[in-house]
Each structure stands twice: as C-alpha cells, then as structure tokens.
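**Student:** Here you go, one structure.
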Amino acid sequence: MTMDGKNKEEEQYLDLCKRIIDEGEFRPDRTGTGTLSLFAPPQLRFSLRDDTFPLLTTKKVFTRGIILELLWFLAGDTDANLLSEQGVKIWDGNGSREYLDKMGFKDRKVGDLGPVYGFQWRHFGAKYKTCDDDYTGQGIDQLKQVIHKLKTNPYDRRIIMSAWNPADFDKMALPPCHIFSQFYVSFPKEGEGSGKPRLSCLLYQRSCDMGLGVPFNIASYALLTRMIAKVVDMEPGEFIHTLGDAHVYKDHIDALKEQITRNPRPFPKLKIKRDVKDIDDFKLTDFEIEDYNPHPRIQMKMSV
C-alpha cells in the first residue's frame, strides 16, 4: 500500500492484464482456446512485510484452495483425488479419464497426474511409478535442502527449488508452469525492525494464465515464503514474480475487462496461528486470513 491508500501492487497486475488485452499477440495453444500473449513483461513485486498477503481483491480468490493445494505440493502428493475430496477441483480436468487417455496414460487411475510439482520438490530424480507408491527417502528433497541452506548458509546463491525435470515430462499429465524459485536472505541494519533476517522469493513461471492461474500462483508462493520463513525464524520480505509467456485466454477477455474496472482494496493479512518448526507439520487450520474484503467472484473457465 502507498501513502495515498492505493493498492499499487494489485494495480500492476491489472495494468499487465490490460496491456495484454490491448497489445498482445494472438497465439493458438494446445487447449484450442487461443490466447493473447506478451513475452517477458516487467516483473511483478509484492511486499510480504507486516503479514501482508497478496491475495487479489478485485475478485474473490479461492483462498482455501490455494492453501490446500500448497499443502498437497509440500506433501509430495500427485493424486488429484486427495484435493478433489476436499472440494478443491482445480486438478480434476488434468486428472480425468478422458484427459489421461488422450495423453496416453490409459493404465493410470483417474487423478494420477504423474511426477508433477510436489514429486519434483520432494523426490527429484526418483523413478515414478504411481501416485499410490511410497517414495520416502527416494530422490532429492529440494525443499529440505532449501530449509537447511537457509539455516546454515543464508548467503548461499544456490537456494533454489525446481519443478522442471525434462527426464519426467513423458510421465506428467501437465509439465509445470511455475517452475523455478530462488530464495534470498537480506539482513537488517542495526536497530531496524525486529532484527531478524528477511526472506524473499523469486519465481520464474514459463506459462502464465493471467485470469485464473496467476492470482493463485502469487498467493501460493507468498504463502510458501511465509511458511519457510516461519520454520527458519525469519521475517517475510518480498515475492517477485518473473513471467515468461504471459497470456489471456480469449474466453477470459470479457471477465478480465470487468475486473480491470474495479478499484483494488487493501490486501489482507495472513496470520500463522501456531509456532510451527517443521515444514511438514503445517495444517489448514494454522492459517487465518484477516481483513479480506474482495469484490465479488468472477467466473472464468479453465482450459484443459
């Protein structure tokens, strides 16, 4: 928030959506919907200080879905049914019988997405079989490595987590869109703030669905940064979002035009209610969103 009370951080998102609609190049895409696209627009930056949580206010965002999906990633899960049973249907399309058959996964059960995000974060390099197999101790646990480096060598320039594993693409229902995150610790000057170091996260996202996906991704990685900061005893700093192919699906244009006319309100606050020490101990009930006052929900169809 700026001194004049305007939410400039949400405005940067809305300005980019408008620019894509006005100036974007038409591109056909794998879903058959078609998009307007810009490549490598300016980064989006969001402060996470003072418990600020960059949850868009110009439409109501499915906060519970964001939290449950991230917990699902962190658990290394790849079974979309585990989310669907909790009312989070965002992966149902990519895990449907029709979609899996179309992708050549006729022997997989419905919901088995293959070695997607959570598997790569927690078991990079392990041999994937099914979503029901136990991969404990297999592959590289990138998330645990990130946390260890933050605790032992916070100046390290290799505090990185990647979901991009070309060796596994032929097993994935959908290759990752948000693929590469780097964490950076800054140290306060003497007498500044709480005195604790600040943790920031930079995300590179190759494919950026501005209408549906990007609002989710912003909040999800802001939440991830908050959770990691909690377990390493740091303060949250900033989330920086680097976008590759930033696109608006043609059937989202009218909805986004409506959203752009709305005035952003102050971002809510995110409170973590327990003193969690282990990244694997977080639960849905640990999080509380305060002062979220969004405009009404805007329906947009997901292209699969």
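The backbone N, Cα and C atoms fix where each Cβ goes, and this holds for glycine too.
As annotated in Swiss-Prot:
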- C177: active site, nucleophile (ACT_SITE)
- R30, R157, R158, R206, S207, C208, D209, N217, H247, V248, Y249: dUMP binding site (BINDING)
- D209: (6R)-5,10-methylene-5,6,7,8-tetrahydrofolate binding site (BINDING)
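Mind running through what each feature is packed against?
**Tutor:** Annotation note: C177 (active site, nucleophile) sits in a coil segment as assigned by DSSP.
Its Cβ placed at the centre, Y249 (dUMP binding site) has 23 other Cβ atoms within 10 Å.
Secondary structure at D209 (dUMP binding site), taken from DSSP and collapsed to helix, strand or coil, is strand. Under 8 Å, Cβ to Cβ, and six or more positions away along its own chain, D209 (dUMP binding site) finds C177, H247, Y249, S303.
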**Student:** For the dUMP binding residues given in the record (R30, R157, R158, R206, S207, C208, D209, N217, H247, V248, Y249), what is the largest pairwise C-alpha separation in angstrom?
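**Tutor:** With R30, R157, R158, R206, S207, C208, D209, N217, H247, V248, Y249 as the binding residues for dUMP, the largest Cα distance is 36 Å.
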**Student:** According to DSSP, collapsed to three classes, what secondary structure does R30 (dUMP binding site) have?
**Tutor:** coil
**Student:** Which number gives the other C-beta atoms within 10 angstroms of the C-beta of S207 (dUMP binding site), all protein chains shown included?
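**Tutor:** Here the count is 19.
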